[in-house]
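In TrEMBL this protein carries:
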- 62-225: domain 'CP-type G' (DOMAIN)
- 73-223: domain 'EngC GTPase' (DOMAIN)
- 112, 113, 114, 115, 164, 165, 166, 167, 168, 169, 170, 171, 172: GTP binding site (BINDING)
- 248, 253, 255, 261: Zn(2+) binding site (BINDING)
- 284-310: region 'Disordered' (REGION)
Ligand SMILES: Nc1nc2c(ncn2[C@@H]2O[C@H](COP(=O)(O)OP(=O)(O)OP(=O)(O)O)[C@@H](O)[C@H]2O)c(=O)[nH]1
Ligand SMILES: [Zn+2]
């Protein structure tokens, strides 16, 4: 079965027979499970036997949170949704890219509301350089052909997740991917679930079947994202800067003020955007101050992560 919804007190999974409420053993926490998890379940008791190893895991730390909060598991592609308008924010998109990289999912930037602008290339150009090899799709989230534009990531066996700020068109896009008109979406936005007592309760759904045969996970509630617990994901995001560092005169160069700095030289030569370097530094600092490091023999002490320099 595949976990479709994680509530504080219960887990709903999709089985070949439809949605099923799982029974967790005493003391088990639903917070240990993520939407998208694959579970072996004992059919009679509906108790989990085992959670299968995760291929990818999207997670983030909430303000003051002791453990990262699981967002979604086994996501192949993360659709990072933004719109062709002035709300488009490179720093915010870079946070989502770092999240995707760290999780092991392939990020795709989806720019909605392309039908409302004359010059789509202008908006595409603003995001294309945010990561090497980054895939960018521009579309109208409400038009049926949006599903076609994203079809290569939505085939059977594929799982996508959607993230992005409020109002960028995630719900619209999800409905289009699911092949639903807005009226239908209103009616079918929730599913009926049989609980242990044979009653039916209605719950909003997080795992959606989409045309093409894949599955989509929506992620309501991720309004703001702060970088934390990221390591390789940042190096991948800012590869063009990281690769310059060996050319600096000092091995512990901070690329801020040192003589012989290859990063500053690239900025001066117009090969690297100063704003991009500043965002990189800010994200590194943010990640560092939000990431507790485990220390001590039992790993129960939390201290600030040591400064990491390139
Ligand atoms: N013209 C046009 N309108 C769009 C597009 N995408 C979304 N909209 C409209 O923008 C508004 C917000 O879209 P939603 O799909 O509700 O956005 P959301 O990201 O789900 O927002 P939250 O539910 O707040 O997270 C709605 O009025 C949509 O009809 C698009 O590509 N083109
Ligand atoms: Zn340097």
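One is the number of the first residue shown, and numbering goes on along the chain from there.
Backbone N, Cα and C define each Cβ position, glycine as well.
Just so you know, TrEMBL annotations never went through curation; they're auto-generated.
The Cβ of residue 164 (GTP binding site) has 23 neighbouring Cβ atoms from other residues within 10 Å, across all protein chains displayed.
Other C-beta atoms found within 10 angstroms of the C-beta of residue 168 (GTP binding site) number 23, with every protein chain shown included. In terms of C-alpha distance, the listed binding-site residues 112, 114, 164, 166 place 164 closest to residue 248 (Zn(2+) binding site). Screening the binding-site residues 170, 253, 255, 261 for a C-beta under 6 A from any atom of ligand 1 leaves 170. Checking the binding-site residues 112, 164, 166, 168, 172 against ligand 2, none has a C-beta less than 6 Å from an atom of that molecule. Cβ neighbours within 10 Å of residue 166 (GTP binding site), excluding its own Cβ and spanning all shown chains: 9. Residue 255 (Zn(2+) binding site) sits 36 Å from residue 112 (GTP binding site), taking the Cα positions as reference. Comparing residue 112 (GTP binding site) with residue 253 (Zn(2+) binding site), their Cα atoms are 40 Å apart once rounded. Spacing of residue 261 (Zn(2+) binding site) relative to residue 114 (GTP binding site) is 40 Å (Cα to Cα, whole number). Residue 255 (Zn(2+) binding site) carries neither a helix nor a strand DSSP state and counts as coil. The Cα atom of residue 253 (Zn(2+) binding site) lies nearest to that of 164, taking the binding-site residues 164, 170, 172 as the candidates. Counting other C-beta atoms within 10 Å of each candidate's C-beta, the binding-site residues 112, 172 are led by 112. Sequence-distant contacts of residue 170 (GTP binding site), defined by Cβ-Cβ distance under 8 angstroms and a gap of at least six in the same chain, are 81, 162, 163, 164, 218. If you draw a 10 Å sphere around the CB of residue 255 (Zn(2+) binding site), it holds 22 other CB atoms from the protein chains shown.
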